Amino acid sequence: MLSPSVESQLHKLPWVCEDVLQGPNDCGSLLGFRSVYRMCFATAAFFFLFTLLMICVRSSRDPRAAIQNGFWFFKFLVLVGITVGAFYIPDGSFSKIWFYFGVVGSFLFILIQLILLIDFAHSWNQQWLGKAEECDSRAWYAGLFFFTLLFYALSIAAITLMFIYYTEPGACHEGKIFISLNLTFCVCVSIIAVLPKVQEAQPNSGLLQASVVTLYTMFVTWSALSNVPDQKCNLHLPTAGGNQTLGDYQTQWWDAPSILGLIIFLLCTLFISLRSSDHRQVNNLMRTEECPAVLEATQQQQQVAAFEGRAFDNEQDGVTYSYSFFHFCLVLASLYIMMTLTNWYSPNETQKMISTWTAVWVKICASWAGLCLYLWTLVAPLLLPNRDFS
């Protein structure tokens with residue numbers, strides 16, 4: 001939808017530009033923006049419908065479970081119908097209102113991404129430490145040390161580059177404060193992660209997880225600085241006469257933070273899908289509280305069915321993941337990719353696409369909330385010793 005060839009075809013439709021009177025170029029600068037918003041509105045609405053539909057589904061005996069795991073033709077038909085209908089929504093205040101939905105959803109999805117990265121780092125650390133003990137080899141310890149050092153080195157490089165390219169002497173005070181604060185917070189959580197009491201309560205806690213959190217925090221900080229609406233403090237802002245002129249017909253949305261954000265988005269969405277459908281021992285966020293343990297007899301039946309090439313229903317006694325929350329994650333993912341594809345821009349009063357401080361503050365606050373969340377995972381066993389956090 002953001003490609004010039006698709007924009008040129010949309011531009012021919014009479015209903016697309018009926019509310020823009022400044023001319024075809026002004027309309028062209030909004031086509032990709034409006035199209036992405038409507039596409040992502042359709043996917044978000046589709047997954048939100050399933051979020052409501054799948055509430056309290058406990059096992060495959062529930063008739064709604066058949067809808068979750070089947071009826072693919074009709075589900076795709078519904079998605080296509082919602083998508084077509086979304087393109088006939090009069091713009092009016094739709095883009096402005098949906099922008100704030102995207103802001104809130106993206107904030108939550110950034111936190112979910114951090115939770116998934118922490119979970120991935122925990123699993124990674126636990127597996128390599130286990131292999132090191134099994135094989136009695138120091139190579140696994142060396143591997144953990146190497147990647148921890150690499151992530152911290154990349155974080156330091158990111159901090160240096162952000163100070164060079166996103167700050168100016170005597171100006172860009174907000175950027176300097178954001179970088180300095182997040183650097184301080186990351187140093188603090190890294191120190192807390194290796195404190196003796198924390199290590200005693202959380203044996204699997206270590207610098208690998210802290211380095212992953214630090215690197216992701218620096219990425220979110222970089223992404224926030226790329227939305228600062230000040231030409232002196234943001235090299236990503238379009239300049240008049242350049243190839244990124246937003247009044248021009250061929251709008252250029254892509255920049256380095258957006259591309260990297262899309263890569264992380266794809267990896268995290270894939271991780272959500274694999275973790276919630278293939279693993280029973282998943283963090284409590286992604287599975288139902290009442291999910292019972294699989295009995296040995298059931299496991300044997302599943303192995304026999306797999307050997308014979310038959311499908312085996314392993315959710316008759318309880319679903320292996322929360323259907324409703326899974327779809328809710330995809331609602332947030334739809335909103336996040338909508339904001340990422342459009343660089344968090346929004347049209348101003350003259351229908352020109354601009355960056356706003358709203359995007360900056362949402363990303364910075366999301367980085368702070370993520371650090372607080374990680375800090376809580378470290379200190380919670382100390383503050384609540386009677387609870388099981390394993």
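The backbone N, Cα and C atoms fix where each Cβ goes, and this holds for glycine too.
No curator has checked TrEMBL annotations; they are predicted automatically.
As recorded in TrEMBL:
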type	residues	note
TRANSMEM	36-57	transmembrane segment
TRANSMEM	69-91	transmembrane segment
TRANSMEM	97-118	transmembrane segment
TRANSMEM	139-165	transmembrane segment
TRANSMEM	177-195	transmembrane segment
TRANSMEM	207-225	transmembrane segment
TRANSMEM	256-274	transmembrane segment
TRANSMEM	320-339	transmembrane segment
TRANSMEM	359-384	transmembrane segment
Residue numbers, six or more beyond the limits of the transmembrane segment (69-91), whose CB comes under 8 Å of its CB atoms: 15, 19, 34-35, 38-39, 41-43, 45-46, 49, 60
In contact by Cβ distance (the transmembrane segment (139-165), the transmembrane segment (97-118); 3 or more pairs under 8 Å): no
